[in-house]
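The region 'Disordered' annotation in TrEMBL covers 69-110. Annotation source TrEMBL lists compositional bias 'Gly residues' at 74-83. TrEMBL lists 100-110 with the feature compositional bias 'Basic and acidic residues'. Taken from TrEMBL, the feature domain 'Amino acid transporter transmembrane' applies to 116-513. Look at TrEMBL and you will find 147-168, 209-231, 243-261, 267-287, 307-324, 344-363, 434-451, 457-479, 491-510 tagged as transmembrane segment.
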Amino acid sequence: MATLIRSKLSNKLSNAATTVSNKSQAKVSGMFARMGFQAATDEEALGFAACDDLDYDHRQGMQMDILSSDEIGGEGSADGGALEGDSHYQRDGTGPPHSTSKDGDPTNELSEVRPKITAWEAGWNVTNAIQGMFVLGLPYAILHGGYLGLFLIIFAAVVCCYTGKILISCLYEEDEDGQLVRVRDSYVDIANACCAPRFPALGGHVVNVAQIIELVMTCILYVVVSGNLMYNSFPNMPISQKSWAIIATAALLPCAFLKNLKAVSKFSLLCTMAHFVINVLVIAYCLSRARDWAWEKVKFYIDVKKFPISIGIIVFSYTSQIFLPSLEGNMQRPSEFHCMMNWTHIAACILKGLFALVAYLTWADETKEVITDNLPPTIRAVVNLFLVAKALLSYPLPFFAAVEVLEKTFFQEGARSYFPDCYGGDGRLKSWGLTLRCSLVVFTLLMAIYVPHFALLMGLTGSLTGAGLCFLLPSLFHLKLLWRKLLWHQVFFDVAIFVIGGICSISGFIHSMEGLIEAFNHNVEE
């Protein structure tokens, strides 16, 4: 009996010692495995894999991305679709269901071969953005700023070119080998990365709101300028500017049924060329009156109340930062992006400065908010009709972009959406989707009717969202994401741009609002 008891105790002690030995060995093995000396046990290996996964998720920066479930030369799922996720990526090919397009067909964004654009094509797109119809308000900025207004045109070009470059630099991070890798895709991704980890979605919401405001205000400006141009082209007709705005909006109602911009994009080049011809005609007329130019009217003094409005007008005419990340990502040679930004902004600066100065010298104190209103009646009617056609054909672009942002934010299917999807399974637009689009068109009309002041609205938009998207946010994001790698002069430039942009934005917004309130109280129309 005693022998049996001793054998049982011996077995238990032996088992306990073996267990302790195994655990100690596992810990030691794991420690050495972390140092790279030997392989870890299965239990330790699972722990390391978990740590690697957490570290992998952390390095993604809480960004939205799309991963393909099939890899070239590897194993994956049979469908080969694209996977969508937040920060939790599946390395083994499992994940959320495949996304579908609005036409009901599955999408595979990574496997789809998208044509890349050259630096010249990218520069053409940037030129379209910063050489649009809104240069018609630049002579009005010279009216209230004189030579300082010309300097501001040059200064805004330099700053917007610089902030565009630093915004793109925020898309990249260095890998272990010191090579730059594109880890973000959009302005929203940059904003979210700056606000992570405490508020991972706050920055994206701020950028989306600013983007919607700017796009909607651009649509409103197109309706305002259409009504203004038609009213001044046919002053003898018993039709008011508001009535012309309503007629223009009636022609824009089909925009509510747009599902893509293929049809509209065909007219983009034609519209741009027409606008270039219009600018040439205006400058040619001004040159024909060069003997009467009023050089003495161009002074160094500024109108303290109205010059901040001019700042917003000039800044708004240079806004292109919203689509720069997408544009750079679609370039055949992204390394040519900086060179492209240089020559596009230099060209814009020269053309805008000459156009504004020559037009102001021709009409001096009689310069109107839309410079074509100063032309003789016969020339004015022809030029204005071309401009109205360009405005109406340009309206669908910001309108469709604003609708897409609203749909993705509030109507996209998923747990985070506020409303049901605007599209059915067959790709058709649902009733509430059509209501959203029609409401947006009507909203732009109402704003154009009740606030028919092109220059004031342009200054307000430039001060509110233009300065924020072009000056404030790029410099702030650059400091936040690349602080440790910046040189002292880069930090100085970013801080200076942020401070100057903030002052200009606040003062321009206040004076634009004062101008609108004054015009509204006195029932002043352009």
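Placement of Cβ uses the backbone N, Cα and C atoms for every residue, glycine included.
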Contact between the transmembrane segment (209-231) and the transmembrane segment (491-510) (at least 3 Cβ pairs under 8 Å, separation 6+): no
Of 243-261, 344-363, 434-451, 457-479, whichever stretch has the most CB pairs under 8 A to the transmembrane segment (491-510): 457-479
Leading stretch by Cβ pairs under 8 Å, where the reference is the transmembrane segment (344-363) and the options are 147-168, 243-261, 307-324, 434-451: 147-168
